[in-house]
Every structure is written in C-alpha cells, then in structure tokens.
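As annotated by TrEMBL, domain 'Major facilitator superfamily (MFS) profile' applies to 1-388. Under the heading transmembrane segment, TrEMBL lists 6-27, 39-58, 64-85, 97-121, 127-147, 206-229, 241-262, 274-293, 299-321, 333-356, 362-383.
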Amino acid sequence: MQHPQPFHSALKAFVLNLFIIVFEAPLGSVVSNHFSCQVGIMLGGLLASTGLVLGSFATSLKHLYLTLGVLTGLGFALCYSPAIAMVGKYFSRRKALAYGISMSGSGIGIFILAPVVQLLIEQFSWRGALLILGGFVLNLCVCGALMRPITLKDDQTTSEQNHVCRTETQGFQRASPSSTWTKEWVQTCLCGSLQQEYSFLLMSDFVVLAISVLFMAYGCSPLFVYLVPYALSIGVSHQQAAFLMSILGVIDIIGNITFGWLTDRRCLKNYQYICYLFAIGMDGLCYLCLPMLQSLPLLVPFACTFGYFDGAYVTLIPVVTAEIVGTTSLSSALGVVYFLHAVPYLVSPPIAGWLVDTTGSYTAAFLLCGFSMIFSSVLLGFARLVKKTRKTQLQFLAKESDPKLKLWTNGSVAYSVARELDQKDGESVAIAMLGSNPA
C-alpha cells in the first residue's frame, strides 16, 4: 500500500465514523436505559478501542471502513449520550457549569490531540499512531467504571416497574414458553417499556424543541467549513485564515465553561431557557453581519463572538432538554436531540457549497444560515410565550369559576386547603353520627 492511500482511506473512514456517531446517538441512550450508563460507556470504549487497534492492521479500504469507521464510530456513539446524561444526575445547583466543563472536553481534546497525533504519525507511522490511540481510547472503560451509579426517586420508580415486568415475563415463560398468550404479554411489556421510555416524544414542548434544533443545527455547521475559504476569498493569507479557526476553537471552549458558570448565577438561574435563545440568536446575527466583514481586523471579533455563543448554546442544550423532559428521560431525549442535530449538521455544508457555486459568493449561504438560527430562537421564544399566556388564562378562569380552586405552576388543578378542611369536617361529623347510634 502506498503512502498517500492510507491517509485518504483514514480520512474517508473518519467521515464514516462521524456519520455513525451522530446517527447512532439514540443507541447509547437505549443501552444506558436498559442496563446502566456504566455499561454503555464501558462497552463503547471497548468497541472504539478495538476498532482503532484493528484499523492499524488494515490492508484495504474496506478494512478501514469497517474498523475505524463503523466499529469505532459505534463505540463513541455508545459513550456520548450516557456520559452527558450522567452529569445531569449528579449536579442540580451548578448543572449548567457542570455541563459546560464536561462538554468542553471534546474541544480541548481536539485542540491538544491534533498536534500529538501528527507527532505520532511522524514517529511511528499511521499504523503505530492508530495502535497507540487504541490503547489511549481504552481508558474510556476506566472512565465508565468510575461513574458510580446514582439513583433518583424517578429512577427508582422506573426501575421497579421494569423489574416487575421482567419478573412476570420470566415467570410466564417458565410456565408456558410456547404459549401465544405469553408471547402477547412479552410484546405488551416491551411496548409498554419503550412507550414509557420515549413518552416525551408526545410532549408539545419537546416537539417544538426538536423542530428548533433542526433549524439551529443547519445554521451552525457551514461556518466551520467555509470560514477559511471565505477569508481567503477576501484577501486574507493562509496563515491568518488558519489563525481564525484557532481563535474560533479556543473561544468556543471558553464559551462552554464561562457561559455555564454565568447562567448558574442566582440572577440568571431562572432564565437559562432565555439565555439559550439569546445565544442562538446572537450566532444568527453574526451570520447576517459576516458578508459585510471584508478584512482580518473585522473577522477576528466575529470569530470571537460566534465562537463564544456557539459554545454557550451547546452547553445549555442538555439543560433545556432536562427542563422539558426531566432527569429520568434525559438520556433518551438527548439521544433524539443529538440525532436531529446531526441530520442538518451533515447536510447543510453541501447545500451551502451549492449556493456558493450557484451565486458566485458566500452571501446567500451565510444569510440562509443566519435566518435559520434566528428562526430557531424565535420559534422557541414564541412557544414559551404562548405557553405562559395560556397558563395565565387558565389561572384566571380557575379563579373565576371557583374561588376554592387554584392552579399550580405545572398547570394541574388542585383543591385548596379550605376545601380539604371542609371534607375532613364532613368526615368527622359522619363518624360522630355513626358512633352515637346504638349497636
């Protein structure tokens, strides 16, 4: 095998790896929900390491596609969603900061490992580099083992229901393994478990979030592909264009951590949803201003602003999702959200490239991305406004219809303390009358 061929093969396999990761994200949620986050991460680390090690012995393109692409990508997919969901179970007061620190690890890893991998290739060839990376990735199994399980009240209820379902199913299978009724019971049990696990798909708030994620993901991806070509097209040198990407990456990491810390402050704790909308909207506005920036001194502040708010809203995605679906379904919901995020994320760069080729400039591509992100922010904001307006109307109607009723913040109607006392008084009178009757 000649030298250029392994490089192009590894590059294509990496693209397939990315494709597998983003489209198999829900699989990690399923494994972690039915077993545990520890099992999901350890299994994913083992698969990813095995793929890298086997890839070092590849002798053809098909071998690299199967090992470095499918196997390693599947392993990383099993690790990602459970690792993010585990953060939400451990932290409540500083949840946004915890998510920011944990999600900044991928950016820091890319920033540090890029020169390290290049050094490994120069010292040990691409085969040796893959072998060393395989041993390094195997540490994911250690990380998974260190994630001590923590059980919340909602998790206990769900696990008890699943345990009862499994116990009854095993009992029926022992009693009559070939019975048609037993098979129907097993199917009903499995369908009920999956229905409970993905019941959030029927929530209107989650549907709106999913639609907004599609538009948001379409807008955020093309800049990382076309910022350097755009900078070169306006006369910026190759080194300066590469410097813009470095700025974008570093500020993205800073945005992950600092914006999470800011939104955990007492003054912004209750407005994390609005902060999420603000960050997406700011990235959209940056896109709209980009065609007017025609020099390096103008592109540097742009890269800082866009990179910061890109890291900001990425940090708050799990926070906003947990606010809608709760902690119990967070792993499954994140799997769906990241899957929906992946589809336009992979499709938008080719569409932007087609617009550039068709129009002869980057203006149309950048404007479409900007309006897409702004629409995502406006859609979520409008949905939240409609929900609050409807809740206010229901509260008003409840007070008008019955002064002894009041509406809680979750929208459910509950009897007031006065009515409960009236009922207790009625029960005590009835007991007294029964006690006064002769036997």
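Keep in mind that glycine also has a Cβ here, set from the backbone N, Cα and C atoms.
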Ask   = In the same chain, who gets a Cβ under 8 Å from the transmembrane segment (97-121) while lying at least 6 residues past its ends?
value = 83-84, 87-88, 90-91, 128-129, 132-133, 249-250, 252-253, 256-261, 264, 311, 314-316, 318-319
Remark   = Model confidence for the domain 'Major facilitator superfamily (MFS) profile' (1-388), as mean pLDDT, reads 78
Key: Dominant neighbour of the transmembrane segment (241-262) in 39-58, 64-85, 206-229, 274-293, 333-356, by Cβ pairs under 8 Å   = 206-229
Inquiry  = Can you see whether the transmembrane segment (362-383) and the transmembrane segment (206-229) are touching - at least 3 CB pairs under 8 angstroms, only pairs 6 or more apart in sequence?
reply    = yes
Ask   = Which listed range (39-58, 64-85, 206-229, 274-293, 333-356) shows the maximal number of Cβ pairs under 8 Å with respect to the transmembrane segment (127-147)?
value = 39-58
Query = So what's near the transmembrane segment (206-229) in sequence-distant terms, Cβ-Cβ under 8 Å and 6+ beyond its ends?
reply = 200, 241-242, 244-245, 248, 280, 283-284, 287, 303, 306, 310, 313, 317, 320-321, 324-325, 333, 336-337, 340-349, 352-353, 356, 362, 365-366, 368-370, 372-373, 375-377, 379-380, 383
